[in-house]
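**Student:** Take a look at the following structure, please.
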Amino acid sequence: MSTNDNWYIEHFQPTGSAIGYRISGKLDEVQSPFQKIEIYQTTDWGKLMIIDGAVMLTSRDNFFYHEMISHPALFTHAAPKRVVIIGGGDCGTLREVLKHPGVESATQCDIDEQVTRMSEKYFPELCDSNDDARAELLFDDGVAYMANCPAGSVDIVIVDSTDPVGPAEGLFNKSFYESCFKALKDDGILVQQSESPLALLDLIKEMRTEMGKAGFQSFKTLPFPQPCYPTGWWSVTMASKQANADFAFRQADAQAKGFDTLYYTAHLHTGVLVAPPFVAKALGE
């Protein structure tokens with residue numbers, strides 16, 4: 001990354017590309033025990049959160065990610081009541097999960113409390129549900145939390161992590177996925193952010209392989225736009241314990257969802273289940 005001439009620029013070595021934001025000032029910086037968190041004011045994209053030099057979110061476009069890591073899985077499950085979010089310290093995913101009235105409890109476990117505190121201060125719109133009676137915010141190791149989670153106690157596990165380096169490295173391997181598999185009920189769903197399908201298809205394939213080794217039998221990778229991330233295109237991957245799951249969703253419920261979204265719709269959900277040919281070929285779909 002670099003900051004010069006009033007621009008914040010993140011370089012993405014795998015594709016020889018970069019993304020930049022014109023900034024008007026630096027608002028805050030915290031070095032937590034785990035990572036460096038910075039907040040900038042941009043001229044056109046609202047506030048910008050950076051973690052260890054990588055863009056995490058902006059005020060203007062975070063809704064793509066938060067809605068797509070939440071609503072497809074929640075509308076795919078028949079009746080999700082107990083949700084666990086690993087990571088997600090900015091609290092945007094928690095907010096989306098708790099838009100579903102049938103959810104009875106949502107536990108968010110992020111290792112770094114400072115991410116949440118910075119989000120509460122600079123992105124309060126993402127933290128609307130932090131005081132919801134159904135919400136539980138924990139600041140602990142997500143790997144350990146899932147390892148100790150009672151068997152068959154969770155409907156959906158959402159892994160809303162940073163890239164598979166540093167504090168998040170342990171969230172992308174067979175051992176962690178085995179813990180998720182154990183904690184999920186038979187009809188449970190695991191959903192994880194799975195990087196850019198344009199630049200990192202090999203990583204997505206590796207993730208799905210590790211999930212399969214842990215016992216998951218069916219997978220679906222959903223691509224979507226995310227302007228602030230490398231290549232501008234991102235994905236989440238859902239995994240099911242069921243063989244040959246088609247990931248059909250409750251379309252009528254999604255159409256009559258009763259809450260506002262900025263990107264997710266039932267029609268969009270239908271379309272995103274059909275992978276682009278190059279993704280389908282690479283992933284064997």
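Backbone N, Cα and C define each Cβ position, glycine as well.
Residues or ranges marked as active site, proton acceptor in Swiss-Prot (evidence: sequence analysis): D160. What Swiss-Prot lists as S-methyl-5'-thioadenosine binding site is Q35, D110, D141, G142, P167, and the listing cites sequence analysis. Residues or ranges marked as spermidine binding site in Swiss-Prot (evidence: sequence analysis): H66, D90, D160, S161, T162, D163. Marked as domain 'PABS' by Swiss-Prot: 5-241.
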**Student:** Write down the Cα-Cα distance for S161 (spermidine binding site) and D110 (S-methyl-5'-thioadenosine binding site), rounded and given in Å.
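**Tutor:** On Cα coordinates alone, these residues lie 9 Å apart.
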**Student:** Which one is closest to H66 (spermidine binding site) in space, judged by CA to CA distance, out of the recorded positions Q35, D141, G142, D160?
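**Tutor:** It is D160, whose Cα lies nearest.
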**Student:** Please identify, from the recorded positions H66, D90, D110, D160, S161, the residue with the sparsest Cβ neighbourhood, meaning fewest other Cβ atoms within 10 angstroms.
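**Tutor:** Looking at the recorded positions H66, D90, D110, D160, S161, the Cβ with the fewest others within 10 Å is that of S161.
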**Student:** How many Å lie between the Cα of D90 (spermidine binding site) and the Cα of D160 (active site, proton acceptor)?
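**Tutor:** Their Cα atoms are separated by 10 Å.
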**Student:** Take the Cβ of Q35 (S-methyl-5'-thioadenosine binding site) and count every other Cβ within 10 Å, whichever protein chain it belongs to.
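**Tutor:** Other Cβ atoms within 10 Å of Q35 (S-methyl-5'-thioadenosine binding site): 20.
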**Student:** Taking the Cβ of D141 (S-methyl-5'-thioadenosine binding site) as the centre, how many other Cβ atoms fall within a 10 Å radius?
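**Tutor:** Taking all protein chains shown, D141 (S-methyl-5'-thioadenosine binding site) has 15 Cβ neighbours within 10 Å.
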**Student:** Give the sequence-ordered list of residues that share a chain with G142 (S-methyl-5'-thioadenosine binding site), lie 6 or more positions from it, and have CB atoms under 8 Å from its CB.
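**Tutor:** Non-local contacts for G142 (S-methyl-5'-thioadenosine binding site): I86, G87, C109, D110, I111, V159, S161, L171.
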**Student:** Do me a favour and check the Cα-Cα span between the residue listed as 'active site, proton acceptor' and D141 (S-methyl-5'-thioadenosine binding site); whole Å is fine.
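**Tutor:** Each residue's Cα considered, the residue listed as 'active site, proton acceptor' and D141 (S-methyl-5'-thioadenosine binding site) end up 13 Å apart.
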